[in-house]
Structure formats: structure tokens, C-alpha cells
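Undergrad: So TrEMBL lists these for the protein:
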| type | residues | note |
| --- | --- | --- |
| TRANSMEM | 324-347 | transmembrane segment |
| DOMAIN | 326-608 | domain 'G-protein coupled receptors family 3 profile' |
| TRANSMEM | 367-388 | transmembrane segment |
| TRANSMEM | 400-421 | transmembrane segment |
| TRANSMEM | 442-463 | transmembrane segment |
| TRANSMEM | 500-521 | transmembrane segment |
| TRANSMEM | 541-557 | transmembrane segment |
| TRANSMEM | 563-586 | transmembrane segment |
| REGION | 606-638 | region 'Disordered' |
| COMPBIAS | 618-631 | compositional bias 'Low complexity' |
| REGION | 704-728 | region 'Disordered' |
| COMPBIAS | 707-717 | compositional bias 'Polar residues' |
Amino acid sequence: QLSFAATTPELADKKKYPYFFRTVPSDNAVNPAILKLLKYYQWKRVGTLTQDVQRFSEVRNDLTGVLYGEDIEISDTESFSNDPCTSVKKLKGNDVRIILGQFDEEMAVKVFCCAYEEEMYGSKYQWIIPGWYENLWWESWINSSQCLSKNLLAAMEGYIGVDFEPLSSKMNKTISGRTPKQYEKEYNDKRGDGQSSKFHGYAYDGIWVIAKTLQRAMKYLNATNKHQKIEDFNYTNHKLGKIFLDAMNETNFFGVTGQVVFRNGERMGTIKFTQFQERKEVKVGEYNAVADTLEIINNTIRFQGLEPPKDKTIIQEELRKISLPLYSILSALTILGMIMASAFLFFNIKNRNQKLIKMSSPYMNNLIILGGMLSYASIFLFGLDGSFVSEKTFETLCTVRTWILTVGYTTAFGAMFAKTWRVHAIFKNVKMKKKIIKDQKLLVIVGGMLLIDLCILICWQVVDPLRRTVEKYNMEPDPAGRDISIRPILEHCENTHMTIWLGIVYAYKGLLMLFGCFLAWETRNVSIPALNDSKYIGMSVYNVGIMCIIGAAVSFLTRDQPNVQFCIVALVIIFCSTITLCLVFVPKLITLRTNPDAATQNRRFQFTQNQKKEDSKTSTSVTSVNQTSTSRLEGLQSENHRLRMKITELDKDLEEVTMQLQDTPEKTTYIKQNHYQDLNDILSIRNFTDSKDGEKAILKNHLDQNPPAQWGSSDPSRTSKDPIEDINSPEHIQRRLSLQLPILHHAYLPSIGGVDASCASPCVSPSASPRHRHVPPSFRVMVSGL
């Protein structure tokens, strides 16, 4: 049996149909051609979409066997009965780009309408479907779908049809002596207006197959058995049937449809490839099954992209890296900041003996500069990512940059907070008790802050060290228009319990910041030329606090944008470090250049301290730093004045007694009782005597042991008779006063600012009156430095 039009694959079963032959290739004959096409364009991943009809299912099953073992994956196999849209969606969901379809014209319209809705067309997709549809086949079924004609044509554009070649395209002469073109012309002439069939060439070659088979059988019979002829054939003669079967399998000639060869009864024909281009099908290649070769016609196949579609979404991982120009700009700004910090360090060291710099704690200033330079240095490390260093180096940088920034922050702002704390500690106590806080104590405070940092960092590194992690983001289309998808990846420094460790660090730094803000607020009204850092430190603390909060929040929100994140972090560090160094050192630099002595002159230091009370809030303005000392000084001056007035009165009385004794030595001069009392009052002023206490005690004891007698109550004649009367005689009293009064003056006058106690002799003439002596008020007041 020989067929020229039966293409169903079921007839290829030789167990059922051992004597069946056909000159037309089977529907399965397109599968080797499809395999060759897939290999030609290196498509290794495909999907199938099959209509639930036996004819198409058999082709799909055979295709599965053909592709098996050829390193081509069928990633998804879908079938449908009436509505293909669900299957089309599944194909798209499985990222199938090369779709092998088996369905008729009616279903083909529905398939391409669904493909248009799912956007499964264009440069990223390639449809391969049967090529045996009638010319303009879609026009007959467009009305049965809900798809517009332009949308359908847009989805159909570029599909590839696969079918057997009706006539050979070669110019060779066939077994009939005609070329395929000559045969086609003669056929059309004989056909006239009759309908054309694409099987006419296979029918024509089929007649030649029968003729050649009978001819070979006759030759075989003539050569082997002269008694049996071809005319003796009947259907029960299996021997003659076997001769016919062998002769059919030996068929091999060039016909109008190409080389006619059978393999297991199947025609090894030529398969053509056509492509739908601008509403028409264009032949773009052919497959020769006999030679197993594929020929693509040059410049005929047109893909809608720059290149053939990929068999799957090509995911190209792209590291989101920091822009080199951005890194260069920020590095230049960082270098300028470090140069400025170095200049401030040189200025601080060079002028460390200046009173202004010395009183502002040069060691603390050096720590502030060191912390600023460490913060600057961390910027270089934050900008190094996978585009500059290896993965192992990046993981090391994760730890190093964290340590440098943490230590730099604590060093700089810890020193500032320590200085602010010293100002606060001095001015917080309104009684102004003497308080000396040296730089060594401030260094201990800063060291304690650094020790806490080191404990946290060491525990962090030992328990849960930072590692390099890669975060993958959603795929993005290629900016260059290539048929690939870009999957951005971003490197991070993370660990298992990142939130906990960051919470500990932020909590500690936050407490330091709050403490610094509190100190800055408490000392905001302190105005001291020698300690004018407090105001600028407060400004720096406020600025740094605000910038750190804003920078941390924005940096967290821009986590997936490394350029923005690095720019914000770097600018925050540069701004904080620069504003801190400038606020601390620029005022000193200006003061030393314009008025170097202004900050070291003695001025009245003022501050205001607010104090909350339970009932109401009152504000006490303390107008002098040493108000208590001034009050004490004023009290001492008042007491000094009172004593000087008393001394003046006593000097007057002493002068009168002395003048009386000097002017009337012959008279019986007596000393009244109140004169002794006045002398005792002078001797009782112990708080204002220096080194003559022993002499006063001698004089006082002497007077106590010799009480005064009532002059004039006794007879003068008793003087020579009673020893006691001789001692208290006017002559003895005058002699004693002349010796004791100068000693008495030198004893108490130095204590109240009079004659210097170191004088060996009176500074003026002994004959001069005490009231006429000049007693300079040479008291001194010492104000202890802050």
C-alpha cells in the first residue's frame, strides 16, 4: 500500500501496517528538523503546547523521544482542549521562551490572542508551530476570538512554521527528465482553474515509485525464476509479496519532491521552515532528512530583537557598586579634612604654652583632633566594596571600619564631653568650693569610655563576627536593550544578631550623646574668656546629634542604593568632624591672632544656673563666680576698718598718757583704771597678731601680777619705804611704758596691714606719734584659677 497524502503518525507502526508506504513525510518527520533548528540556535530549553487531539499528541510524544538525550530540556508540557490561555500563563510562569506548538488553525488564533494578552511575543519569545496551515488561515477564524486583528498579527509576527516541502527547490532534473519547476508549470497548465493540492508532487512521485518497484520486481523474477512472472501475482503469494516489499525499500531516486527514499516505510523527505513576516509566510530554510542537514537561507530569517531569543531568561548578576567618581570626590573632601585636622594639631602643639590654649586643655584638644582624623579615615574604608577588593578583604574591612569609626567617635566626643563635664562640675556648685580637676582625670574618663567601646567590640567580634553577605534584588531589564535580565546584588556587613549588637552600640552612643546634650544645656550660659570652649562644644554636640540621627535614618532607608548610602554616611562624618574641629579651634586661632591677652585678663566671671523647686520654678542669677569669696573679703575689710578705728582711739589715749609723763615728770602722775582696760583690750586681739604673742603674754602677765595702785591715796613718803610702792612709782611706770609701747605697736600693727612684722626697728622715728605714721593698706587677695 502506498499513500501520497496520509501524514498521521499512527500509520508508522510497522507491527500493524507492515506493508504500508507513503511518499509524503509523516507529521513526525518534522521533529528531527525541529531538533536540528534548536541545535542551530543553541536553544536548550523549550516548552510544548498541544491541542488534545490524537494526531497532535502523537507528534508531541515522538518529539519528546527525539529530544531525549540531546541535552535539550522540555521544561514544561501543556495541553488544552478549548481555552489555551491557562496553559499559556503556565508557560510564561515557568519562563518558557521557545514554545513548540501542535494545534490546528482555529486553536492557533486563540493561542496567539492569549499570547498577546500575556505579552508572550516579540524579541524574547519564539513560537514554532505546524506549517501546513492554509494561506491567510487567520482570516477565517479571527471572528471567533475576542482579539483584534492588529493584536493577533502582532503576536503572530515572527513565528516559524514547519512542514514538508511540496516541491523540491533544486534545479536538477528528476527521474522524469523534468526539473521541479518544469513539472510545476506543466501541472498548472493541465490543472487550469481547478483547485491546487500540495500533495500533487507526492502523488506524481508515488506513480514513479510504483513503476520502479514493479520494474525491479520483474528484473528480479527474470533473473531468478524464469517460470514465475509478474502477471502471476495474487494476494496469497507471500513470496512475490516479499519481492515487492524489498523492491519498495530499495527505492532511491530524485523526484519532483526531492530525493525519494524510504526508511521502514517512511519517506525521508525535505522539511521546510517558513517565517511569518508582515502578513505573509517566507521560506527561511529547509532540512534534508536523507543527509540530516539544515540549510538556513541567508538574510531571510528575521528576529524582532538584535539577536535570536534566549531559551530562558538570562539572569546576569550585577554588583551594585559605589561609583568611582563619587568615591574620588568624597575621598578628596576627606583628605582636605585631614589636612585641616593636621593644621589644627600643629597649631595646638605649637601654642600649648599660651595661656589661652593651656587653659583649654591641650591634651583634650589633641584627643579631639585624633578622633576626628580616625573618623575621616573610616570614610576611605566605607567606600571600598567588591569592585575594589576581594571578598575576603571586604570581610576584613567590615570589622576594621566599624572599630575605627567607633573608637574615633568616642575619642573625639568623649574628650569634648569630659571638658564640658569639668566646666559643669566647677560651676554647678554655687558655693564655689575649691575644686581642682586636672587633665589626668579627664584622660581617665575618656579612657573609661574607650574601655567600654573595646569591651563591646571584642565581644561582638568573638561571639558573632561580621560577615560578608549578598542581598539579591528583583530582576531588572537590561538598560542596553539586550535579551537579558539584570539581577542586582549588594554586599553587606552583617551577622546573625545584627540588630542586637547595633542596639547595644546605639544605646551606648545615645546615652553619651544625651549626657553631652545635658552638659551643654547646663553650661550654656557660662561666659568665660579663658574657657570659652563650652559654648562651642555645646553647638558641636547639638549639630552632631541631629546629623547622626538624620544620617542613620536616611542611611537605613537607602540600604539598597549604595551610592546614596555612601554619600550620606560620608557627608555626615565629614560634616560632624569638620564642624567639631572648627568650633573648637577656629575661635582660639582668631583670638590669638587678634587679641592674645584678652582671654587671660582677670574679669568677673558670670554664669546662670536654673534650679527647679517643688512649688514653682525660679531662676537664680549668680553674677559672680567668686561671690562667696568677695563677700568674705568685704567682711574682712569691714573688720579691718573697725579695728583700725579702735587702734586710732587707743593711740590717742596712749599719746595723752605719754605726753603727760614727758611734760610733767615731777608731778605725781597716775594711770587711771580705764587705761589699763584699754591696754588689755589691745592685748586681747589675738586673731590679728602674727608672731608677738609671747611678748604680749609677758606684758599682760606682768600687768596682771602688778595691779595699778590708786595714785594720790598714799603719802609720797611711803615710796622709799615700801618696795611695792617703789615699783609703781611714776618714774618706774614711765620707764616701763617707754620700753613696752613700741614693742606693743610692732606686735599688732602687721596683722592689720600696718608696719611689716619683719622690720627690725620702727620704720619711722620713735618720737613720731603713732597717729602720724603712714600705714599702707597692703592686704592681698588671691583668686585661685579654675
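Backbone N, Cα and C atoms are what each Cβ position is placed from, and that goes for glycine too.
Where in this structure would I find these features, and how exposed are they?
TA: Away from its own ends, the transmembrane segment (324-347) comes close to residues 365-366, 369, 372-373, 376-377, 379-380, 383, 563, 566-567, 570-571, 574, 577-578, 581, 584-585, 588-589 of its chain (Cβ-Cβ under 8 Å, at least six residues beyond either end).
As a whole-number mean, the pLDDT of the domain 'G-protein coupled receptors family 3 profile' (326-608) in this prediction is 80.
Nonlocal intrachain contacts for the transmembrane segment (367-388), taken as residues 6+ away from its ends with a CB within less than 8 angstroms of a stretch CB, comprise 319, 321-322, 327, 330-331, 334, 337-338, 341-342, 344-345, 348, 394, 397, 400-401, 404-405, 407-416, 443, 446, 491, 562, 566, 569-570, 573-574, 576-577, 580-581, 584.
Long-range contacts of the transmembrane segment (400-421) within its own chain (CB-CB distance under 8 A, at least 6 residues past either end) are made by residues 360-361, 364-365, 367-368, 370-375, 377-378, 381-382, 442, 445-446, 449-450, 453-454, 457, 466, 493, 505, 509, 512-513, 515-516, 519-520, 523, 533-534, 537-538, 540-541, 544, 573, 577, 580, 584.
Beyond the transmembrane segment (500-521), the same-chain residues lying 6 or more positions past its ends with a Cβ under 8 Å from any Cβ of the stretch are 406, 409-410, 413-414, 416-417, 420-421, 423-424, 449, 452-453, 456, 460, 464, 534, 537-539, 541-542, 544-545, 548, 552.
Below 8 angstroms of C-beta separation, residues 413, 416-417, 420, 506, 509, 513, 516-517, 519-520, 565, 568-569, 571-572, 575-576, 579-580 of the same chain, each at least six residues beyond the ends of the transmembrane segment (541-557), sit close to that stretch.
For the transmembrane segment (563-586), the list of distant contacts is 322-323, 326-327, 330, 333-334, 337, 340-341, 344, 347-348, 365, 368-369, 372, 375-376, 378-379, 382-383, 405, 412-413, 416, 533, 536-537, 539-540, 543-544, 547-548, 550-551, 554-555: same-chain residues at least six beyond its ends, Cβ to Cβ under 8 Å.
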Undergrad: Which residues of the same chain, at least 6 past either end of the transmembrane segment (442-463), have a Cβ under 8 Å from a Cβ in it?
TA: 361, 363-364, 367, 399, 402-403, 406-407, 410-411, 414-415, 418-419, 421-422, 501, 504-505, 508, 512
